[in-house]
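Novice: Pasting a structure below so you can have a look.
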Amino acid sequence: MSTASAKLLAGEDFASDDDLVNDWPSGANQRLENEDASVVPPVRLRLASSKPNRKRQRLHRISSCTAFVFASMACFLGIFLGLLLVLAANEKCNTQLHNDSSISVAEKRVKNISSECPTYPWPELRLPTSVEPVKYTLTIRPNLTTFVSTGNVDIDLNINSRTDLIVLHAHGLNVTSYQITVDGTHINAQKENCEFLGQLAFKLSNAVNQGEKVQLSIRFVGQVSDDLVGLYKNTHYSSDGSKSYSAVTQFEPTDARKMFPCFDEPAFKAVFQVSIERERRHTSKANMALQKTDIVDGQIEVDHFAPSVKMSTYLVAIAVFDFANVTEMTKHTTHPIRVSIHANQDMIKGKADLALETAIKGLEYLETFFKVPFPLEKQDLLALDDFAEGAMENWGLITFRDSLLLYDQNRSTTRSKEMIATVVVHELAHQWFGNLVTMKWWNDLWLNEGFANFIEYFVTDRIFPDWKLMDQFYVENLLPGLFLDGMTTSHAISVPVHDPAEIGGIFDAISYQKGASIIRMFMGLSGEEPFKLGLQEYLEHYKYQNAEGSDLWEILQKHIPSMGDVSLIDVATAWTTQVGYPLVQARLENSGTTLVIFNQTRFLSLIDERTDDRMAHKWPIPIIYKTDSTMQSKTVWMKGNNGRNLNVILPTPAKWVIANADGSGFYRVLYDQAIYHELAKQLKLDHTALSAVDRAAVLYDAFSFVKSGHLRLETLMNLLAYLESGKETDRAPWVVVLGQLRQIEDLIEDPDMIDTFQAYERRLVAATYSNLGWELTESHSDRQLQAEMVAFVCRLELQDCVQSALIRFSDWLVDNSS
Ligand code: BES
Ligand code: ZN
């Protein structure tokens, strides 16, 4: 171990950065600050495979890559730096698990159609557009004893061009009979199905012409499955040990075809008129309000629901259950909307208030913000025991895993309170962004998910302003987005997908977190009011239709004609169609009177992946800067095409600069040594001279640059040193630091090394831990930080923490309502 590193870890004063240059282990990581040349294979577009959602981000498992790199580390600093390398290598191993083939899933499937379905007349993944559905009249009978589901559907079809083939989706369904009529007259047709494609084709004896009225009627048998997709079984275990079943649906992205034959692509919008047969003891729900119930015999009833608004198949939903509910009407909407929370009787008591309050306020806020009335009479929110996702925005019938809907005032955590509110708002935002206006095809999934993710913060912040949710935007969106997008395994926000397996793969940090981050960046650049007016026009113009990214940009551009001298369309196109994001470097010259921004290149975590073609990526980058002498941020553009250096003359000389103020832009900034030195000094002197988000961003970038070999470890440790004083009590920087330290520690195998590293961690956190303490504070974000800090510190076995935890645990054993 070098003396300087040993001193740092032992808590002694920090020597100068220069002392440490020779501590770098041999090999790739030896590259120092501001140097980033390398030679390796071309960047290939591969789909990122990490699980999407920020609510349940996957843990990275340590792989054999880890073990290999470990073996080569010798001294402590070597090991520490090695760990950072391992982390990066490990990230690569994880993100590449599903990407080891050069031929896409879609290409493979298309290649195999002729052997799997030799006589099938439509060997394509996408449906033909010659026929489109107008209205489905669907009756479905999910039997909760046999778990068989039978149904019949009449589909009114529009003929767009003369054809003798009707092709639609059906997967795992047994068609028992069918009939096709043209202007009311029966016509012969031959049925072919290709289970491999999840399709059904009807070859007509005579072609049908444009404008003719065709009806396709199909009877079918399917199942109430066990696999959480299509129409599936939800099992509730009561506290008395008894079991009860319900039937629910999860169709997004491509599983409506498992419940009923349909044109299962988002652009085939139609009206759905649904009837559900059920036992008398059950209730049923669908997207629309109940119109009437027929009694079939003593125990069987059929519920008939109102015809739906025009919508895509992936948003259709039904549910059959015996839940209880809590209901309230909205007051400040165009018409009163009946909002109900449904959950099992023994789960719902006293736990629905938060979701109900958020749903009502959310609907009221969103209706006013988007200026398009919510078109349905009711909005049901359903808590499920068995649910693959976090929540799903089915129009009028939103489904949730129960832990993301039910809040227990006395027992649930502050984090859980925040998650419930944000998830409810997220799914409500989809009722406009996604349901009313839907992406034409899944390549623009981010239009749904990026917007819903942005709005979930923006609107929850308006409904519960004292939670200061926008302060957490950086660590919950930019952090995971920048992480995933710093790999060659990432993909552009707008990405070509064809096969259902590929579609499932893009519900990831790029569509969600990067999508939300660049929307926040655009709104910041254009101003809230013009941006809002643009969104309103977009929703009004495309309601009940489909749109793509460019449709949105064109409308927004009308409201935001210029941002400096760059156009919104150019900016938006660059940021949504190119994979990755830029790394820019910043330094101060001429005695601090000139800010120089230079070297726009794509940031890639792994040195081995940095080929020259990353220079080909160019973005118009809004450099949003502030300095120690001018705290009001200003924006200048570093354009992709006008040379590489940008010189900004500052009105007053600066010691340090923040070049991406409040993490407003989706990029990283690497400062030169002099700036880092001043920043570290500033943090020690008065950290509040930088905003909490600025502190989080500088630290997160610094951790990432050490891992990527752009920055010396000592510079990072020098920045971190201010934490020891215990004055940092904002959550954002701590989320970065605790998360990054934890990741590093998880990779240490050598027990001595763990001890040394933990001693260093204890030193960083101890004072803040004792300042925060255990007593409940009023502030929402302090409470979250308290919990996170206690968890971190107790894991480090700090005596005070362990003792306090044990006392509370004994109290809880005596009185478990505490
Ligand atoms: N539309 C998604 C649900 C979804 C996710 C369907 C993946 C199919 C595949 C929904 O709006 C959503 O984003 N849910 C999140 C929770 C959300 C608050 C981030 C989820 O399920 O993780
Ligand atoms: Zn969503």
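Cβ coordinates are placed from backbone N, Cα and C, and glycine is handled just like the others.
In TrEMBL, annotation is done automatically, which means it is predicted and not curated.
Below are the features listed in TrEMBL for this protein:
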- 65-89: transmembrane segment (TRANSMEM)
- 133-315: domain 'Aminopeptidase N-like N-terminal' (DOMAIN)
- 355-559: domain 'Peptidase M1 membrane alanine aminopeptidase' (DOMAIN)
- His426, His430, Glu449: Zn(2+) binding site (BINDING)
- Glu427: active site, proton acceptor (ACT_SITE)
- Tyr512: site 'Transition state stabilizer' (SITE)
- 656-815: domain 'ERAP1-like C-terminal' (DOMAIN)
Novice: For the recorded Zn(2+) site formed by His426, His430, Glu449, which further same-chain residues have Cβ atoms within 8 Å of the site's Cβ center?
Specialist: Glu393, Glu427, Ala429, Phe433, Gly434, Asn448, Phe451, Ala452, Asn453, Ile455, Glu456
Novice: Out of the recorded positions I have (Glu427, Glu449, Tyr512), which ones have their Cβ sitting under 6 Å from ligand 2?
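Specialist: From Glu427, Glu449, Tyr512, counting a Cβ under 6 Å from ligand 2 as near, the near ones are Glu449.
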Novice: If you count CB neighbours within 10 Å, which one among the binding-site residues His426, His430 has the smallest count?
Specialist: His430
Novice: What is the nearest of the recorded positions Glu427, His430, Glu449 to Tyr512 (site 'Transition state stabilizer'), using the Cα of each?
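Specialist: Closest by Cα distance to Tyr512 (site 'Transition state stabilizer') among the recorded positions Glu427, His430, Glu449: Glu449.
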Novice: Check the domain 'Aminopeptidase N-like N-terminal' (133-315) for me and report the mean pLDDT.
Specialist: 97
Novice: What's the CA-CA gap between the residue listed as 'active site, proton acceptor' and Glu449 (Zn(2+) binding site) in angstrom, rounded?
Specialist: 10
Novice: Tally every other Cβ atom lying within 10 Å of the Cβ atom of Glu427 (active site, proton acceptor).
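Specialist: There are 27 such Cβ atoms around Glu427 (active site, proton acceptor).
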Novice: Provide the number of Cβ atoms within 10 Å of the Cβ of Tyr512 (site 'Transition state stabilizer'), excluding the reference atom itself.
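Specialist: By my count, 28.
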Novice: Tell me the coarse DSSP state (helix, strand, coil) of Glu449 (Zn(2+) binding site).
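Specialist: DSSP assigns Glu449 (Zn(2+) binding site) to helix.
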Novice: Under a three-state reading of DSSP, tell me whether His430 (Zn(2+) binding site) is helix, strand or coil.
Specialist: helix
